[in-house]
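According to TrEMBL, the features are:
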| type | residues | note |
| --- | --- | --- |
| DOMAIN | 84-190 | domain 'Integral membrane protein YccS N-terminal' |
| DOMAIN | 383-507 | domain 'Integral membrane bound transporter' |
| REGION | 659-681 | region 'Disordered' |
| TRANSMEM | 27-45 | transmembrane segment |
| TRANSMEM | 75-93 | transmembrane segment |
| TRANSMEM | 99-117 | transmembrane segment |
| TRANSMEM | 146-168 | transmembrane segment |
| TRANSMEM | 417-435 | transmembrane segment |
| TRANSMEM | 441-458 | transmembrane segment |
| TRANSMEM | 465-482 | transmembrane segment |
| TRANSMEM | 494-511 | transmembrane segment |
Amino acid sequence: MSWFAALRHTGRAGLSWERALSDPKRSARGALAVALVVFPVLAIGGPREATSAAMGAFIAGTATFQRSFRPRPTLALAAGIGLGVSTFLGYLAVSVPGMFPLLLAAWSFAAGLAWALGPSAGVVSANTVTVMLVVVQLPVSVPTAAAHALLCAIGGAVQALVITVLPIRNWGAQRDALADAYAELAHYARRLRHEPHAAFDPEAMMLARHAAALTAWQERRRPPELHGLRAIAERIRPALAAIADPEIGAAPEGPERDRAREVLAGAAQLLDALARAIRSGEPLVYPKSTPAALAPPGPPVLRGPALRASRRLTSQLSRAAGALEQGRETPLAGPVAGPDGVLHRPGLAGMVPVAVRAGWRQVSLGTPVLHHAVRLAGVVTTAYLLAKLTGLHHSYWAAMTAAMVIRPDFGQTYSRGVARVAGTVVGVVLATAVVELARPGQWISCALAVLCIGGAYLTLKTGYAVTTTCISAYVVFLLDLQPGSAVHTAWERVLMTLLGGAVALLAYALFPTWETSRLPERTAEWIAALGRYAAAVLAGYGDPAGRDPHTVRTALLDTREARSDFLQARERAAAEPVRLATHSPQLTRKQLARTQEALSYLSRVGLLMEAHLPPGDAEPVPGAREFGERLAEATAAAGAAVLTGAPVDFAALRAAHRDWERSEQPATDPELAYTHRGSEQQDVVRSGSRLLLTALGELERALKRGQPESASVS
């Protein structure tokens, strides 16, 4: 889209808000922790010390609202430690002429690299930059710098203590992630009743897997009913697809199809019940119609692979219900032993080497995270120096605004810029009016600041503009503890907000990181990952005895990551004001859409074949492994062709498939096809390989070079 359209779109996004609030209890708990820090420190130490403590407690509380599956006390402690270190170094550097801008640039660069650990780490690290800018403006001597830094860290420690003493829905994030996975399976089962070729969205499964990674502390205290349910959900997913598929599963029409719909409906009801029980922690309530739908009396209607998939589905659903009920009978006080295969997450101390390695990897590879880190350091330092030239007392507000606005992608940066300016103006004006009209004392100002902090926590899900309004008002009330004219400082803050926002937006426009130019790379990665996944599944048919389940699992996870990266790149590219034909001449918008459909089809075929993987004692299917290797090579070559703009051609793979089919005579006896394992697996592989070629043919046509879209934009 054009620059005008992109700015209009991001501006509307920044000013939009949703009718959603954070948990009121958690918001009140976070504000209570700030109050427990601010008021005693104000009484004992004075306004300057109270400001440092309040900043630390507020930012540490904000960290606990980030979407993370780590223990909330750990997040608060980590944020408090980071704030203490940044404050201490800032105090030391500000006393040396010319040293503080260098430290600010270096710290901002490190904060930008923190995005390599995830959005939560990136957001919290950016907040440490703002605290460094605000707190060091309060004049103190060097010997007291450690005391102010300690107060910031104490704010985080108090947040952690309050969370521990007043727990609210412990393991709620993990429960929600696992429940969302089961709810997505239920939705998938319902769609399969009417759309046998419906694609499955793995985002919920990816989130559940991320939530299942535990620290050693979490592993010892995990509720027993949460153990093992994610692995069962992963096995339910291919069973649902195998029943519904008309090529390999139930017949397209007739009694088999009707029975398949009944099984899918019963499975959806039980999956919904499991999701509700997992989310709420209540006992599982079985739907009345589920037993009759999943295991009706009389002879089975389904036959062959569909019957096997139905029995496998019923077995997995029973295991899930049994695991949930068995876990509730286990006392929660006892530790849960971590069996082999538990996903381990490093603790707080163990994250230090992980963060160092992740940051070094970004620097050595020249990734977009490195670009963001350089841009963040340059933007914050430039805004700080430009604001210093104005001679205004609150010039640091410009650098603080720039640090909070700049983000790795265009859409978030510009929408946050608009929201930041609007929220700051409203918050500063309202809070300044209260200060001028009411003339509150120190204690009332602290109380109003705590109230605004609670509002900021409560509106984190409402919209960034609303949250910024509360944060700006909180800072005004907090800094009202210091002497000065409220109206004059309000004017300075608004002016510096405009300057910092303008620097951030201009810097991104001059030094952008366009996702549009990365679309060919993301497409190639998804194609190659799906080829490796299909090859791993075919290898399981070619050598059942030597099949390693971790190989298929790893390949599947790679496809999910590649798909997620592709969809994220498409979403971000859609908001960028650049032409697709200029930055990604290999692909057009129509090609991207058709490629996504073809790759979703290819992923579904791999899922179907995975659902029918034979046991270890089954007869191998001759040639399956070799064809899988050719398939992996062909898809890797197709990915390379996308990057270079060369035509994608699967003619050699089709020729290899024809040779393979000629060498194998299909089973002609229907009874043999249903009773002999080897022949049955051959039929599944034969049908699946044809579907794979059909999907690759769709991909080949989707990527066929046509007339370039000279006017097309992302």
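Positions of Cβ are set from backbone N, Cα and C atoms, glycine also.
The stretch with the most CB contacts under 8 Å to the transmembrane segment (27-45), chosen from 99-117, 417-435, 441-458, is 441-458. In this chain, the transmembrane segment (494-511) touches the transmembrane segment (417-435); three or more CB pairs sit within less than 8 A of each other, excluding pairs fewer than 6 residues apart.
The list of residues near the transmembrane segment (465-482) in space but at least 6 beyond its ends in sequence, with Cβ under 8 angstroms from a Cβ of it, reads 14-15, 17, 42, 47-48, 50-51, 54-55, 58, 134, 138, 418-420, 422-424, 426-428, 430-432, 434-435, 440, 442, 445-446, 448-449, 452-453, 455-456, 459, 489-490, 493. Remote same-chain residues near the transmembrane segment (494-511) are listed as 371, 375, 378-379, 382-383, 386-387, 390, 392, 394-402, 405-406, 410, 413-414, 417, 420-421, 424-425, 428-429 (criterion: CB distance under 8 Å, separation of at least six residues from the stretch ends).
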